[in-house]
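Copied over from TrEMBL, here are the features:
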type: DOMAIN; residues: 23-73; note: domain 'Myosin N-terminal SH3-like'
type: DOMAIN; residues: 77-822; note: domain 'Myosin motor'
type: BINDING; residues: Gly170, Glu171, Ser172, Gly173, Ala174, Gly175, Lys176, Thr177; note: ATP binding site
type: REGION; residues: 194-224; note: region 'Disordered'
type: COMPBIAS; residues: 202-212; note: compositional bias 'Low complexity'
type: REGION; residues: 700-722; note: region 'Actin-binding'
type: COILED; residues: 888-976; note: coiled coil
Amino acid sequence: MPAPRPSQSTEATRAAALQAEFNEKKWVWVPDEKDGYLAGWVHQEDDETAEIIMSSGGEIRRVPLYALSKMNPPKFDRVEDIADLTFLNEASVVHNLRLRYGSGAIYTYSGLFLVAINPYQNLPLYTDAIISQYRSKRRDENPPHIFAVAERAWVNMGEERENQSILITGESGAGKTESTKKVIQYLSAIATDAHPRHPSHSHSASMASSFPASPPSGLPRRGSFHAKATHVTSNSTGGAKGRLGLLERQILQANPILEAFGNAQTQRNNNSSRFGKFIRISFSLDGSISGANIDWYLLEKSRVVVRSAAERNFHVFYQLLSSGGSLKDTLLLDRPLDEYEFLNRSRREVDGVNDREDWDALINALDIVGFTVAEQFDLFRIVAAILHIGNIDIRSTKSDDAFMPDPSQAERVCHLLGIPIAEFTRAILRPRVLAGREWVTQARTGQQSLDELASLSKSLYEKSFSALVERINRALDRPSSKSTFIGVLDIAGFEIFEINTYEQLLINYTNEKLQQFFNHHMFVLEQEEYSREGIEWDYVNFKLDLQPTIDLIESSGNAIGILSCLDEECIMPKATDLTFTEKVHSIWSGDLRATEQPHPGRTKYTLPKFEQGFIITHYAGKVEYRTDGWLEKNKDPLNDNLTRVLASSSEPYVASLFQDFAGVFADMPPSSSAGFSAGKRRPIKRGAFRTVGQRHKEQLALLMAQLQATQPHFVRCIVPNVNKKPGRVDVPLVLDQLRCNGVLEGIRIARLGYPNRLPFVEFRQRYEIMTPGVIPRGYMDGRKACIRIVEALDLDTELFRVGTSKIFFKAGVLADLEERRDALLFDVFSRLQAVARKFSARRQMKKVLNRAVAIRTIQRNARVYGELRDWPWWQLYTKVRPLLAATRNDEELRRKDIELQLAKERAERDQRERESLENVKMTLQAEKRKIIDELEAERALALDKDAMLDRSKKREAELEEEIVALHADLDVLDSQLDRALHLQKDADEKHETLRVAFDQAAEHLVRMEGQQNEWRAKEAELSDIVLTQESSMVQLQQEHQALQKANEDLRALVSQRDEDLARVKERSEVLVSDLQAKLGVEIRSK
């Protein structure tokens, strides 16, 4: 149960005590390596340093003044908007977030966007009661919440008829996926409330039973989040589910499907999205949901084959194997989980995750979205085929040729994919390649064949995932009128690892573009509008222009970017990762020509010290990238023989995944098997063969175009700690994320600028009621009227600025005006209600009086009728009067009935024709939008191809010049060859002369060799004599050395004895002198 809240008097007393303690000392924040910042108060300070007494422990530290940060008074603790802090510094921001997070408040406003910290526990924040609490409320009327952001997007879409977008970013494990689901849950609930569904939508099974009910409870402003909730569900409760229509339920149930196929357990998150998605929810003019669409980006398909030991593959693999039943038998999955190579080298179970329950939820979601049994089987067919591919055993012979000792696993794969085993084996082990104009068979090594199987697994999963998303989009599309949409972007945030590869470059490149969009929206556009409106404003340069870094990665001009350079290297025949790296080095760090201007991106590029790669300076810091394997990853190679086999599969779903490759290499001769020759040839789809970098740039360009056409709302998700513990905050980790997300810069611009603005007409219409009599009757210029109103409201001139068409306010000013306006309207409507009640009471009294008069009149008429009813003439009159016009009225009624029936039939026919035309119109508009998107993508690709063609033409011209120079060199070499031949003829003549001399010399040499043999015999005899003498000499030398050693020993002994004799002599002389002295004394004494 929640802890009881203290009374207001207790809170006031506590706040007063804290304020008194704060006023007694000068409190500051002191940097700390472990805890980020610690509180302390200044004991003594000089010009450069200060002596700080720490509040915890009383430790005294001497800190430079520039490192200290001012502390806000206690009344700002747990403030809901960080922009309201008096002292805005890193320490104060993270301290406020830590206090709010500790009290259960995971959401905090930060200027114009929301900061969400992952609670790592269930909180009662997403029930029906909370949705109702935020419905049709202003931002300042409730605590910060993700629902408030969704409500603001909904209101702006309805009022301004402008598309909205909600950008949810953050590191892995920060809660982006859950925040996305909450936004969709809220939009589905309020759209259902705004437009009740037709009964025809209620025939589907209700999802209320899938979600446990939770008691309706409101969301308090403060202090009630301390208790851990044990009954909270992450979705809305049964009341809302009962109201949801089929489309809303399909949108909600698309999430479990995408999570099963696109999410996985990582070291930082048990349900990490391994792809990015942009979900567009379309609304009709009446506010009801009219359709949805999902775009996906950067699926981590390499996870299918390899991952770290502490992580898992995609959820669907484990859910399928835990399902049991006949489906596994049909898919030939008869082994336990640890016997599949793609699963047994990593983590298998996760705490708190029940794969069996998730499997049931997945099947339920597929049924609700509208997948047939055959479509579901096709999805799981690919998953099972990948598992079997991982178990294919390939070995190498002594000559390093690959062979397959046991084809049983390959037979299972071919059975599931509908392809012949012979062609599949040949494509893996001995594919046919084009050598010049002939097709030859190439023998693969064991490792090459294993790499081919890994590429096949990754390609199968990616293409199946793409088909899955397209199928969901078809289910969520409705041929109805679509007015505006709200888009929700959930994409991986900027991260720096120890080893950063090609995939990380694409992710960081995407975040660089999104951060540039955020900066452009928050800073550049804001200040440009101040300039247009003529507001006095000192332009603030926040040094956040990220275009040089973006150009470094994506540019295709004179200085081509890294991705364009990689695309060029992918088409070069002998290019390698090393040549690509050297080419990038020469472009971005090499010497410039005399007239060439340095590109700004050169300042963002640095050479590494040791490894093969480069360093890029991103907005969040420097990142070193390793370029090993980049060409293969960018080309995403797949054996052409293999793609042809799959494109001619007998299974329609498998063949559709590879339909782009069906017509490739049409001139390849047919092989002996019918697998290649069977089936109808399909034409090549233009633009299908693109590199990974090109596809990602096209997708990102379309995404940025959509975002720029919307009004954005930003949500920054934060990871509080790496241990997934609730209530704990790792301050250095949080600070690093706040810097990466641009939170502090956003607060700073919001504090300096005027984030709230209204056109003159709107401001006058809304707030003129607060200043009666200030605006005279008749026409008055809008600017003058607004100036009169703000003067009458007694607003400080520093809190607002009046432009040429709008009036701008500091943060919080409009909220105060709204409160004053609400108070005034409350008073006005209270008076109006009093007058209305007075009028109603008087009218009721008048009705009572009139009723009394009517009763008396009725009584009088009744008495008269009682007198007349027995009078014969009155009886005759009452019988004859109704017959006078009866016939004429009947004919008129029949004619009117006929006309009404004809009008109804005409209206129904017109309605059916209008609905048919509307459906045709919607279908044509959808096709038109799709064609426009494809055309834009083709245009972008054509521009890249044109730029590449220009560079190729320049390279061709250079090569032609080199060919001309080589021809000139060849002529010179021909003349030199003639001279060499002439010289060779002379040399041949000289050679003949020398040969004769050589023969004579050979005879002389024979005689000399005979003499040499004689001398060698004599030399052998002398050598034997020398060896004998040398052995004798060695013995003599040894005896000589022994004698020398004995001589040295004797000499040492003699010298030692001489020293002993000298010491004895000295002692004897001393003794003699002593005896003589004693003798002399005795003689004198006698």
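Positions of Cβ are set from backbone N, Cα and C atoms, glycine also.
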Here are some binding-site residues: Gly170, Gly175. Which one has the most Cβ atoms within 10 Å of its Cβ?
Gly170
Residue distribution over DSSP helix, strand and coil in the domain 'Myosin N-terminal SH3-like' (23-73):
5 helix, 29 strand, 17 coil
Let me check the 10 A CB neighbour count of Ala174 (ATP binding site). How many other CB atoms are there?
25
Around Ser172 (ATP binding site), how many other C-beta atoms are within 10 angstroms of its C-beta?
16
Neighbour count (Cβ, 10 Å) for Thr177 (ATP binding site):
22
Near the Cβ of Glu171 (ATP binding site), how many other Cβ atoms are there if near means within 10 Å?
22
Env. residues of ATP site, Cβ within 8 Å of mean position of Gly170, Glu171, Ser172, Gly173, Ala174, Gly175, Lys176, Thr177 Cβ:
Asn118, Asn269, Ser272, Gly493, Cys717, Val719
Stretch-averaged pLDDT - the region 'Actin-binding' (700-722):
89
Given a separation of at least six residues and a C-beta threshold under 8 Å, show me what packs close to Lys176 (ATP binding site) in the same chain.
Ile168, Thr169, Gly170, Ser273, Asp490, Ile491, Gly493, Cys717
